[in-house]
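What TrEMBL lists as transmembrane segment is 14-31, 43-63, 83-104, 132-149, 155-173, 194-212, 227-251, 258-279, 285-304. The annotation domain 'Sugar phosphate transporter' is assigned in TrEMBL to 15-301.
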Amino acid sequence: MEESLVCNWSSCRAILAILQWWGFNVTVIIMNKWIFQKLDFKFPLTVSCIHFVCSAAGAYIVIKLLKMKPLIEVDPEDRWKRIFPMSFVFCINIVLGNVSLRYIPVSFMQTIKSFTPATTVILQWFVWRKYFDWRILASLVPIVGGILLTSVTELSFNIFGFCAAMFGCLATSTKTILAESLLHGYKFDSINTVYYMAPFATMILALPAMILEGNGVVNWFYTHSSIYSAMVIILSSGVLAFCLNFSIFYVIHSTTAVTFNVAGNLKVAVAVLISWLIFQNPISAMNAVGCAVTLSGCTFYGYVRHKLSQQPAGGTPRTPRTPHTPRSIMEMIPLVNDKQDKV
């Protein structure tokens, strides 16, 4: 009886974790699009900088004040040699995501971000000459095919937004590869990752944001009709961006790797549907088919990776790990930009 109650609670907790992750993720994406499109605040660098400031403050409160998570100590030298390069790529990743949201619909942007598994495989082969099982390569076929079909049939296609989203995929993949090498030995969770990376990212982005967008932001302040309500929305998006990172930590420790992967792809579908209901951007039938094919390929890719991770070199399956143990360093870094998720 007690075992049954424990199983039921674990299942309920996993469902709640996924739902709150979906809620924060979709809300952040929709709010960012609303900021660019409805509030006419067309300054992606500034929005990203605000998100970094909110995330840094939130991580400090959680770790230092509330002590909800223990601080993972990092040597001062490693902060510059390891954390700073990661922060730079992390910063580029977030900015490109916001830039793409300014120019293309959420549905198209989210579909393009699903191209990340393919860019990760390509970079690992190009940089490390790493070779992959044929099933991994086969799973990339529907991903690439779906992206091509979606791009060709996208009614609101914008070349600048498309390129920003594609380079965002490369930045996400680079972040993943760097995490495996630079963060070796540091078992970071998402909150500690934000604690160390967000201040660096703010420092990196603040000056370019002021130089490139400062005058435009000042003019917006003087010309926008509802400045206070608009500022509440912009700052709220930053707070929710931090909450998204916190929710990722919870969902990783409440689900299995396969469930996490499937839920991530379903989340993209939910974001596409909700964005269409709110912004009413035109989506053709073939465009929807391309999106579905891409998400199916991503799900298959995640399943293949999980199955291969359970088999050592000899082919004997490993003993399954508990759902509450993070499976890899890829799952410990902020996944908001892995699926873009974030900002």
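Start at 1 and count along the chain as shown; that gives each residue its number.
Using the three backbone atoms N, Cα and C, a Cβ is placed for every residue, glycine included.
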Between the transmembrane segment (14-31) and the stretches 155-173, 194-212, 227-251, the largest tally of CB pairs under 8 Å belongs to 227-251
The average per-residue pLDDT within the domain 'Sugar phosphate transporter' (15-301) comes out at 87
Proximity verdict for the transmembrane segment (194-212) and the transmembrane segment (285-304), three or more C-beta pairs under 8 Å
no
Should the transmembrane segment (155-173) and the transmembrane segment (43-63) be scored as in contact, given a threshold of at least 3 Cβ pairs under 8 Å and pairs 6 or more apart?
no
By a Cβ-Cβ criterion of under 8 Å, what residues six or more beyond either terminus of the transmembrane segment (285-304) are in contact with it?
107, 111, 114-115, 117, 133, 135-136, 139-155, 257-258, 261-262, 264-266, 268-269, 272
Long-range CB partners for the transmembrane segment (83-104) (under 8 A, at least six residues beyond its ends), listed in sequence order, are 29, 32-33, 36, 42, 44-45, 47-48, 51-52, 74, 112-113, 154, 156-158, 160-162, 164-165, 167-168, 171-172, 174-175, 178-179, 182-183, 196-198, 200-201, 204-205, 334, 337, 340, 342-343
Same-chain residues near the transmembrane segment (258-279), Cβ under 8 Å, at least 6 residues beyond its ends
14, 18, 21-22, 25-26, 29-30, 33-34, 37, 105-107, 110-111, 113-114, 251-252, 291, 295, 298-299, 302-303, 306, 331, 335, 339, 341
Which residues of the chain, 6 or more past the ends of the transmembrane segment (132-149), have a CB below 8 A from one of its CBs?
111-112, 114-115, 117-118, 121, 124-125, 286-287, 289-298, 300-301, 304-305, 308
